[in-house]
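So the structure is just underneath, and the comments pick up after that.
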Amino acid sequence: MDGFFWKTWLVVAALAIGGTSSLPHKPLTYEEAVDLAVSTYNGKSGEESLYRLLEAVPPPKWDPLSESNQELNLTIKETVCLVAEERSLEECDFQDDGAVMGCTGYFFFGESPPVLVLTCEPLGEDEEQNQEEEEEEEKEEDEKDQPRRVKRFKKFFRKLKKSVKKRVKKFFKKPRVIGVTIPF
């Protein structure tokens with residue numbers, strides 16, 4: 001009888017252990033993944049202002065139980081709140097002229113612990129460039145009555161200014177890449 005008790009106990013224990021999840025991480029919904037990406041950007045980017053979700057593009061298939069890599073795309077915008085204030089994002093309004101960042105995140109659940117790599121780039125630079133080109137065209141029309149030599153010098157310096165501006169913007173507007181492990 002005593003042997004029967006231990007055999008039964010062993011079977012129950014084996015079934016209990018076998019019934020637990022074999023996932024190395026807890027299930028992560030798409031909304032939780034987006035929130036995690038935004039909070040990671042706010043904590044690791046080195047920016048002074050907090051950023052809040054502007055738009056998230058849900059993937060066709062987000063599997064919260066997946067052990068493979070998952071991708072997410074989102075757009076965040078600068079808020080009036082500072083990182084040092086440690087306020088809730090719901091309390092923070094967007095800045096009127098705040099920076100808008102397009103972000104792509106990759107969750108690597110096959111790693112132990114899981115890893116998030118987030119790449120964010122500023123958006124909206126093309127609109128500024130188009131506006132500058134329109135202003136230059138208007139200036140050229142106004143300068144048609146000037147001597148040829150003056151026109152050439154102005155054109156040369158405009159090209160030089162545009163080239164320097166483009167290089168400076170490119171230098172300072174590099175994408176931010178943030179990689180973190182996710183403690184579960």
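Note that the numbers count up from 1, one per residue, in the order the chain is shown.
Cβ atoms here come from the backbone N, Cα and C positions, even for glycine.
The annotation signal peptide is assigned in Swiss-Prot to 1-22 on the grounds of sequence analysis.
The annotation disulfide bond is assigned in Swiss-Prot to Cys81-Cys92 (among others) on the grounds of similarity to another entry. When secondary structure is read from DSSP and collapsed to three states, Cys81 (disulfide bond) falls in the strand class. Of all Cβ atoms in the protein chains displayed, 20 besides its own lie within 10 Å of the Cβ of Cys81 (disulfide bond).
Sequence-distant neighbours of Cys120 (disulfide bond) (same chain, 6+ apart, CB under 8 A from its CB) are Tyr41, Ser45, Ile76, Met101, Gly102, Cys103, Thr104, Pro175, Arg176, Ile178. Among the features that Swiss-Prot reports, disulfide bond is placed at Cys103-Cys120 (among others).
Marked as region 'Disordered' by Swiss-Prot: 125-147.
The compositional bias 'Acidic residues' feature in Swiss-Prot is assigned to 125-144.
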Worksheet item: Hey, which of the disulfide-bonded residues Cys92, Cys103 is the loneliest by Cβ count within 10 Å?
Response: Cys92
Worksheet item: Using DSSP and three states only, what is Cys120 (disulfide bond)?
Response: strand
